[in-house]
Structure formats: structure tokens, C-alpha cells
Amino acid sequence: MRKEFLFTSESVTEGHPDKMADQISDAILDYIIERDPKARVACETLLSNGFCVIAGELKTTTYAPMQEIAREVIREIGYTDALYGFDYRSAGILNGVGEQSPDINQGVDREDGEIGAGDQGLMFGYACRETETLMPLPIFLSHKITEGLAKARKDGTLPFLRPDGKSQVTVRYVDGKPVGIDTIVVSTQHAPDVSQERLRDAVIEEIVYKVLPKEYLGDDIRFFVNPTGKFVIGGPQGDAGLTGRKIIVDSYGGSCPHGGGAFSGKDPSKVDRSGAYAARYVAKNLVASGVCDKATIQIAYAIGVVEPVSILVDTHGTGKVEDDQLETCVRQLFRLTPKGIIESLDLLRPIYKKTASYGHFGRELPEFSWEKTDKAELIKNYFNLK
């Protein structure tokens with residue numbers, strides 16, 4: 001590893017078009033799974049200038065008023081006026097959802113009570129000691145800024161902000177550890193009558209300096225706030241939005257590999273989602289146990305097959321025991337079949353809309369069961385660690 005380097009991650013606000021799509025897809029999933037926990041859901045959303053298309057496949061016994069759900073999500077985000085680029089009242093919403101293919105379903109719902117993986121695929125989980133939530137610092141800080149943008153807009157602190165926005169944080173590392181922030185980029189949609197100077201000062205003073213840890217705020221940070229100038233046209237009026245296009249924002253900000261599968265709109269029989277949650281659960285518990293300082297987990301599945309086809313543990317040279325021993329431990333202490341993951345993490349709950357903005361990982365909310373470190377003591381005992 002290089003002695004000194006810079007690493008960058010980004011986040012987007014809940015009003016970013018891609019995140020709007022994720023939230024609509026997950027709100028529909030929540031509505032269905034609350035009423036039919038055995039439902040199979042694959043819900044995709046497209047947003048563009050003045051309209052929204054909902055597509056995908058379902059197998060369920062319940063009815064979901066998808067247009068009403070979508071309008072409520074758009075309203076909650078803050079698109080309540082056409083001047084903002086989208087209006088929940090007037091947007092055209094098309095429902096094109098169909099029935100799940102029986103060819104897929106036959107491999108998932110098995111007669112023996114097990115659940116086969118809903119598709120093939122590989123998922124990654126990651127944890128490190130850079131933050132209290134065992135997340136990489138650049139993505140952690142980026143999310144703090146975008147959350148701050150939304151809060152300042154909604155509580156009236158900065159009433160000239162609009163829903164669409166992004167952040168990006170570059171962190172300086174020495175000997176593999178973060179030592180400070182090098183660059184912060186914030187782009188935020190705003191009212192047409194606010195000056196760029198006022199906007200820049202307000203974002204830095206009212207958001208960045210208030211939400212980021214003081215130990216990382218030096219006088220030499222480079223700030224770029226709306227570096228191209230005005231950002232009045234935003235939301236789906238400025239860019240189309242699509243479910244599953246912010247998978248790096250959703251995960252670890254590029255600090256570890258990604259298997260390529262998106263999360264939102266998918267019920268937990270889809271291992272793209274549940275497998276990634278399980279991989280984070282494993283990685284976080286390994287680091288929390290003290291057996292390593294950093295862990296990358298890969299899990300892979302075959303469609304219709306119960307057991308994972310492979311499990312990999314990589315502690316990047318920080319482990320107190322060999323990685324192959326950790327793999328054996330993981331296989332013994334964690335249930336990594338689709339059914340085992342669903343049951344151990346209690347995933348048949350309407351918890352998913354909360355995951356669809358500001359990251360699926362590193363947020364220790366009661367609903368986010370994959371953030372628990374309840375296996376840490378078992379791992380310590382397994383290796384007789386003090």
C-alpha cells in the first residue's frame with residue numbers, strides 16, 4: 001500500500017432522480033411485504049420530465065395501489081411544485097408491472113421449505129475501523145453532507161434549497177489511515193433568486209461545518225459548491241432517474257468491489273439484496289470482534305440452489321488468524337442460505353424504503369439488522385481471543 005494517497009466517495013440526496021426511483025420501488029416493496037410476506041417482488045421505476053413508469057414482476061396475493069404509493073413518496077421527498085422540476089400531483093404515472101415467471105419461481109419456492117437463490121450472482125460486504133459504524137470514512141462523510149442538505153431544506157434552515165443534490169468527499173490517507181479531508185464537492189438544486197455566493201457560504205457554514213467531525217476539518221480543505229454555476233433545473237426535469245443506478249452510493253463508496261446487483265425493489269429472496277446484507281453482517285462482526293481491522297467478504301450463489309457456491313474472507317493482512325480459518329468460522333457461525341439470511345436478519349418486514357437513501361450500510365437504525373454486532377463475542381470465543 002502506498003504511504004500516502006487520496007480516496008474519494010460520493011453520495012446523492014433523496015431528491016436525486018435515481019434515488020427517487022429507488023425509494024418508489026422500495027415503498028412498493030414495503031407495502032406488499034407488509035401484507036404478504038411470501039410475496040416475490042422485483043420492482044423497477046423510471047422517472048423523467050413529468051412522468052413516472054413502474055415496471056417489474058410480482059407474485060403476490062395482495063393488491064398494491066402503486067400510483068398512490070409513488071405520488072406519496074414524491075411528495076415526502078419534496079417535489080410539491082412544478083417549479084422544482086417535478087410535482088407529485090400532476091406527474092403522469094404508468095403501471096407496467098407483470099407476473100413473475102413460473103420458470104424463475106420454481107427454483108425459489110421449494111417443496112422442502114428451503115428457499116433457492118432468486119438468481120445467480122456475487123455479493124460483497126466490507127467493514128473497517130475508520131468510523132464508529134465500521135464504515136469507510138469518505139462515504140460516511142458524503143452521506144452526512146447529503147443528509148444535511150435534506151434536513152436544512154425540510155426544517156427551513158436553508159429554504160432556498162431544492163430536493164436534488166450531490167456531495168463528494170476526498171480523504172487523505174497516510175499509512176492506510178485517514179488523516180484529513182482534502183476536497184469537498186457539493187452540488188445542490190436551489191431557488192432561482194439566491195446568489196451563488198450566499199449559497200456557497202450557507203452550504204459550508206450551515207451544513208458542512210455542522211455535520212462533519214471537527215477533527216477532520218482543517219483550514220486547507222478545498223470547497224467546490226455548485227462549481228458549474230446555477231443549478232435551478234433539477235430532479236427528473238434535469239435528468240432521468242432509474243432504480244439501481246447508484247449501487248456504489250448504496251454500498252461502500254468504491255472502497256471494496258461490488259458484485260453489480262442493485263438492491264432496491266427486490267424482496268429478500270433476491271440474493272443481490274439479502275446476500276449483500278449478509279456479507280456486511282459478516283464483515284462488521286469480524287471487525288467488531290477484534291479478529292481483524294478490515295474485512296472484505298464475497299458470497300456467491302446459483303439460481304435455485306440453497307447453499308452459496310463460494311465464500312471468501314479477505315482481511316487485507318490485518319487478521320490475527322489466517323483468512324482460511326476465518327472462512328471456516330464464518331461457515332459455522334453464520335446462516336448464509338437465502339432462508340437462513342432472511343430468518344436471522346428478520347428481513348420479511350417493511351423496512352426497505354429507509355434503506356433507499358443515504359446508504360444501506362453504516363446506519364445503525366433499529367430496522368437495519370445487518371448492522372448488529374451480536375456475533376462478535378462468538379467469534380472471539382471461537383478463536384479464544386481476549
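In case you wondered, yes, glycine gets a Cβ from its N, Cα and C as well.
Model, not experiment: these values are computed from the prediction.
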GLU57, ASP239, LYS270 bind L-methionine per Swiss-Prot; candidate in GLN23, GLN100, GLN196, GLN298 listed for that same site: GLN100
ASP239 (ATP binding site): nearby binding-site residues from ASP18, GLU44, GLU57, GLN100, LYS270, Cα cut-off 10 Å: ASP18
Distant-in-sequence Cβ neighbours of LYS266 (ATP binding site), under 8 Å, six or more positions away: LEU29, VAL41, ALA42, CYS43, GLY118, ASP272, ARG273
Stretch-averaged pLDDT - the region 'Flexible loop' (100-110): 65
Cα-to-Cα gap, GLN100 (L-methionine binding site) vs LYS230 (ATP binding site), nearest whole Å: 44
All-chain count of other Cβ atoms within 10 Å of GLU57 (L-methionine binding site): 16
Among HIS16, LYS230, LYS246 [binding-site residues], residue with fewest other Cβ within 10 Å: LYS230
Proximal but sequence-remote residues of the same chain as GLU44 (K(+) binding site) (Cβ under 8 Å, at least 6 apart): ALA21, SER25, ILE54, ALA55, GLY56, LEU242, THR243, GLY244, GLY265
